[in-house]
Amino acid sequence: MGFLAGKRALIVGVASERSIAWGIAKAMHREGATLAFTYQNEKLKERVEKYASQLGSDLVLPCDVASDEQIADLFTSLGRSWDGLDILVHSVAFAPREQLEGNFVDAVSRDGFRVAHEISAYSFAALAKAGRPMMKGRNGALLTLTYIGAEKAIPNYNVMGLAKASLESSVRYLAQALGPEGIRVNAISAGPIRTLAAAGINDFKKLLDFNDRTAPLGRGVTIDEVGNAAAFLCSDLASGITGEVTYVDGGFNVVAIGLNYA
Ligand code: NAD
């Protein structure tokens, strides 16, 4: 029996087989969780339904996190099938492409800033708020995905770094607010991984190569490695951990100058 047996998990953020959320879904399924999924728009619906069925799930619901109505409807629909929710995975980010290239000061705009923060940071608090009644009193766990660009300046990551800083702060505030209800809130700071979202960052390949050269493990991480850490953090094995950002980055964050710096 897996360490998530009996748990119900809602996975928000699968768009392809490369999605980090897909790695998380696979690991949670392997450990015995029952899964539900969301899709951002009609274009992704069929694809997400196909992935969900691979993991024995036919609970696939729409949710564009830009819409309060869709967020509310998501939990109303989920409540028709499930009488409670144990795990909510938020693996969502977006900024307009022109925000993710070049000099930060040149690129930043009021609208780009707003969109990046709304979709990539506010949506986590919004889902926590809407999911709270279903999660209360069941040792629930919320998890989101962040990147080291929240703490350190990274070329081209620009306004997404600011949004991730807000997201990481949200993890701490949500942990404090929901702790008394037995709900834990954590983030994983993943190393760079080739996904659809990552493709929007200018020169992402350079970032990947630098990471591989610099990280103590000398390589990038996989969605399965992130998935395994996510499954642990959302399980009762991690019952004493909340408000934390856990790195799954091959150790990149602990290094100033890598062994292969030349
Ligand atoms: P991805 O493109 O597979 O996933 C991003 C998801 O966000 C997609 O499923 C997309 O549908 C969803 N999304 C975007 N706007 C949305 C909206 N308005 N409503 C609902 N969903 C929306 O890419 P990914 O790399 O797996 O990204 C998942 C998370 O991991 C993001 O938060 C990302 O910042 C984070 N992350 C990625 C990396 C990386 O290198 N890939 C590293 C660290 C953290």
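Each Cβ is built from the backbone N, Cα and C atoms, and glycine gets one as well.
Using a 10 Å Cβ-Cβ cutoff, Val92 (NAD(+) binding site) registers 24 neighbours. DSSP assigns Val92 (NAD(+) binding site) to coil in the three-state reduction, outside any helix or strand. Look at TrEMBL and you will find Gly13, Ser19, Ile20, Gln40, Asp64, Val65, Val92, Lys164, Ile193, Arg194, Thr195, Leu196, Ala197 tagged as NAD(+) binding site.
As annotated by TrEMBL, substrate binding site applies to Ala95. Around Ala95 (substrate binding site), the same-chain residues at least 6 positions away in sequence with a Cβ under 8 Å from its Cβ are Gly112, Val115, Ala116, Ile119, Ser120, Asn158, Val159, Met160, Ala163, Gly200.
The DSSP secondary structure for Tyr147 (active site, proton acceptor) is coil. Feature annotation from TrEMBL assigns active site, proton acceptor to Tyr147 (among others).
A coil conformation is recorded for Tyr157 (active site, proton acceptor) in the three-state DSSP classification, outside any helix or strand. Look at TrEMBL and you will find Tyr157 (among others) tagged as active site, proton acceptor.
Annotation for Asp64 (NAD(+) binding site): same-chain Cβ neighbours under 8 Å, separated by at least 6 residues, are Gln40, Asn41, Gln70.
For Tyr157 (active site, proton acceptor), the same-chain residues 6+ apart in sequence whose C-beta sits under 8 angstroms from its C-beta are Leu100, Tyr147, Gly149, Ile201.
Ile20 (NAD(+) binding site) has a Cβ environment of 26 other Cβ atoms inside 10 Å. Among the recorded positions Gly13, Ile20, Ala95, Tyr147, the residues whose Cβ lies under 6 Å from any atom of ligand 1 are, in sequence order, Gly13, Ile20, Tyr147.
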